[in-house]
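K.L.:
What TrEMBL shows for this protein is this:
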| type | residues | note |
| --- | --- | --- |
| DOMAIN | 21-466 | domain 'Major facilitator superfamily (MFS) profile' |
| TRANSMEM | 21-45 | transmembrane segment |
| TRANSMEM | 125-145 | transmembrane segment |
| TRANSMEM | 151-172 | transmembrane segment |
| TRANSMEM | 184-203 | transmembrane segment |
| TRANSMEM | 209-230 | transmembrane segment |
| TRANSMEM | 268-292 | transmembrane segment |
| TRANSMEM | 312-332 | transmembrane segment |
| TRANSMEM | 353-370 | transmembrane segment |
| TRANSMEM | 376-396 | transmembrane segment |
| TRANSMEM | 408-430 | transmembrane segment |
| TRANSMEM | 442-461 | transmembrane segment |
Amino acid sequence: MSNTEKGGLHRVRNFLSCRQVLNLLTMLGFMLNYALRVNLTIAIVDMVRPNVTSAGNATLTGNGTAVNSTASPDGVDVYEERFPWDTYQTNFVLGCFFWGYILTELPGGRLAELIGGRRVFGHSMLWASLLTLITPLAAHINYVVLIVVRVVLGFMLGASWPAIHPVAAVWIPPMERSKFMSNMMASSLGAAITMPICGYLISVAGWASVFYLTGAVGLLWSLAWFTFVYETPATHPRISAEERREIEDAIGTTTSKKRPSHVPWAQLLCSPAVWAIIICHGLAVFGFFTVVNQLPTFMSKILHFDIKKNGLFSSLPYLGKYVMAVASSYLADYLRKKGTLSTTATRKLFTTFALVIPGLLMIVQVFLGYDATWSVTIFSLALFAHGAVTAGYLGNGLDIAPNFGGTIFGLANTLSSFGGFLSTWMVGALTYKDESFHSWQIVFWILAATYISGAVVFAILGSGELQSWNNPPERVRISDVTQEEGVPLKNEK
């Protein structure tokens, strides 16, 4: 390599370190993860044939679908095919995503521990992007084909969330992991950006454009991910000796260079620290799903206020949540680095803040929720405070067992995925015969108890200490397990 080439490489390294590139692509990855997941939720309003009384310019085609023309902002009509799905079929299409999503949470986390998080996270997003691109074709072919595509899409994306934990275990020093985990909350940032962009695209180019854009951007992201991200610092061809030594010295022996070939299930499932994460995550996600999914229903039916039509009210809570996630994570890592708080105290403090504040706000909602302004303010503040979970329990699996962080989060996320179904059932059961504010007050009391219970459980059972079962003895010869070795780091004089 010439001196000029060496100088150029040195300038690139000074501009962005390998960890900074990883952080940037992880953040963009979770933004796209959300976009690939909810693009159908946004587009389906324009995919379904309107009722006869409101069909407007819709005309039937020979196969039972409808061709609808909508005026774009520039006055040009956009003609697109619509489908004769009833309410049940529409909800079925939206819900079938979770069938596949739940199946790969735990296997995805474990697979990432065995073969590397880069491969699992990257392939999860790559295949999800390809499936997104063929979604319009699937919808035109047959309703059942669309169902299959959405189930497989969920199957792919289910593995992405737990897969990022093994990436952090080998790439991110322990005292920087809160900041890295805040990248997962970029999904909230994706929500704030995806909704208005997709809405505009539909008005300009029709509903199919939503899938083409998100799928194409996903493919570009996948290309960048596989080009610039590597499984470990030891296998990265462009990493500097200084950065690699800093990472490896900081991580030390907490993360095994030889990936454990088996999970110590008995010890893991008997660990109070693991159950603190599982229970806390389940209760927190239940509260979050209820607030996000049921808030529009409450605002519409009780307060007669359509929050979805107000872009500021729709995006503000998601933006606030991401800002809190980043700010609290930086503060948590700062307090740990300075020795002001131990890891255990830090995780408990921020988990308590992230869950008790929303719990108390739900109690306030019981008494002031009859006013639209108060309701929007309270729910926005609740989601804002909830963002602090990234500095709390969300990355706690990497504290107690970095070798099995993917398995722990996969287990927690599998169980918490039922929270969406449970919250919908709960609200439906409580408001089915009585859609009054009194019925919703019961919902808010349950949410308050749920949030605060999660904080209490973690405060009692949670821990930030490395567990003894993190490095179990091998049951098989290490040569039998696929490993990815890097070039030994040479000492520089």
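Backbone N, Cα and C define each Cβ position, glycine as well.
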K.L.:
Is it the case that the transmembrane segment (312-332) and the transmembrane segment (376-396) touch, counting contact as three or more CB pairs under 8 Å in which the residues of each pair are 6 or more positions apart?
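P.N.:
Taking Cβ pairs at least 6 residues apart, the transmembrane segment (376-396) and the transmembrane segment (312-332) are in contact, with 3 or more under 8 Å.
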K.L.:
Does the transmembrane segment (442-461) make contact with the transmembrane segment (21-45) through 3 or more Cβ pairs under 8 Å, each pair 6 or more apart in sequence?
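P.N.:
No, the transmembrane segment (442-461) does not contact the transmembrane segment (21-45).
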K.L.:
Against which stretches of its own chain does the transmembrane segment (151-172) lie, if we need a Cβ under 8 Å and a gap of at least six residues from its ends?
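P.N.:
Same-chain residues near the transmembrane segment (151-172) but 6 or more away: 18-19, 22, 26, 29, 33, 36-37, 96-109, 111-113, 116-118, 120-121, 123-125, 127-128, 131-132, 135, 180-181, 183-184, 231-233, 247, 251, 255, 395, 397-398, 402-403, 405-410, 413.
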K.L.:
For the transmembrane segment (184-203), which recorded stretch in the set 209-230, 268-292, 408-430 gives the largest number of Cβ pairs separated by under 8 Å?
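P.N.:
Ranking 209-230, 268-292, 408-430 by Cβ pairs under 8 Å to the transmembrane segment (184-203) puts 209-230 first.
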K.L.:
Going along the chain, which residues at least six beyond the ends of the transmembrane segment (408-430) come within the CB cut-off of under 8 Å?
P.N.:
98, 101-102, 105-110, 161-162, 165, 268, 274, 277-278, 281-282, 284-286, 288-290, 293-294, 297, 397, 400-401, 439-440, 442-443, 446
K.L.:
Which residues of the chain, 6 or more past the ends of the transmembrane segment (209-230), have a CB below 8 A from one of its CBs?
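P.N.:
Same-chain contacts beyond the ends: 18, 21-22, 25, 28-29, 32, 35-36, 39-40, 42-43, 118, 121-122, 125-126, 128-133, 135-136, 194, 197-198, 201-202, 236-237.
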